[in-house]
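As recorded in TrEMBL, the features of this protein are as follows:
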- 344-380: region 'Disordered' (REGION)
- 344-363: compositional bias 'Basic and acidic residues' (COMPBIAS)
- 364-380: compositional bias 'Acidic residues' (COMPBIAS)
Amino acid sequence: MYLSPEFKFGKLPWLAGQRLFRNMNVVDLMNIAQTSSSTDWLTQIASVPTNFSVTFVSSEKFFQDHWDIRMDFRDNDAFIWHLWPNATQIVGARIRWRIGNHKLVTKIERKKSEREPTIIHSFMIGFQQTLFEIVEWLEKLFTCKVTNINIPFPALQNCSRTARWSALKYSKNLTMTTSCADSEWIVAILKERHAQGGKTFIGEVEIGRPRDISVEALSSLTYKSGRLNFNLLSFDYFLEYVKHLMASDDDRFLILRARIPDWTIEKVNEFAQKLDLSHSAETLSRTHFTTEYRDFDVKRPMFQYNQSEDIVLAFNFLVKPGDLYACMAVVRWKRKTADRIEHERQEAENERRIAEEDARMMLEEDEEEDEEEELRDLEDAREDNRRRAIIMG
């Protein structure tokens, strides 16, 4: 389907515009919009994307770090837009797009199948700032906001401009799969994002002292592994935070290590009672499994909470001299599948057989050594008898 840039798109009736959007690839329409004096016509006929994600793709290869933008539509094809800081990925490109003051040398790949998203490559100068303006252009073009941002924390550390990017505050989901220990930045971004209903995930997070932040804002953060210091916070604050943690169903969570004020055993029991925790069953490791950690003996929890039929949250405590408890861990256990139980049974059976075989071989070696020693003793006795016979003769 071919449409001239001189076509008066703005004159289309709304219903005709909707049909045009449904029947033309959205990237083709964006390409036409680049040659139009105004993009308002596309904004009027386009549907709001169901997903608008921005991902920083980090690579160990030189000059391979880049940004990916993905948009999905209910009534049009999805597209993925790779934004490169170098021109190696756009050799042979003939398309020139312009967004604001930025000129983008662009290449659009041919789709291999109708089900695949359209792939766009662009070379851009001004790596971070250009991205921000492209995102703003897309938000205006499709009357939407970024829904998902996935970025490693080092990308924020290495560029203060990125750390101040406004979309980090309002995107529905912010994901950092890497570790982050900048307590001040974490607390500030959580407060901003919670105020706008955003959710935040950090792979490994460390917060020295989460002060001046509500329990609700702090609980909007989920993680795989967390180290949080509640030493200077109240018992009720910590209790409320753990309640939020127990109510979360994020299956990425593995462990929380929490620094707590030096608790007596009475305080530990009060904590367990208020959360309605039960004493941990000795059979937990038979039916469930978890990751092992060097700093906690997670195989012997004190209490547990059955979050669901398959998930158990186990509570471990570290005791220091004076019978005071200064650190607590909440560890996620998952029910073993029948295949895993059978695999573990077979491994245990193999280990038992190997141990029995080793014991049998050691016993045989001991018996052989005993026989050899008896033969040596017998030979020595015979030699002594021969010597005596010679002397007496």
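Using the three backbone atoms N, Cα and C, a Cβ is placed for every residue, glycine included.
Please treat TrEMBL annotations as automatic predictions, because they have not gone through curation.
Shown for the compositional bias 'Acidic residues' (364-380): DSSP residue counts in helix, strand and coil, namely 17 helix, 0 strand, 0 coil.
In the compositional bias 'Basic and acidic residues' (344-363), helix, strand and coil residues by DSSP number 20 helix, 0 strand, 0 coil.
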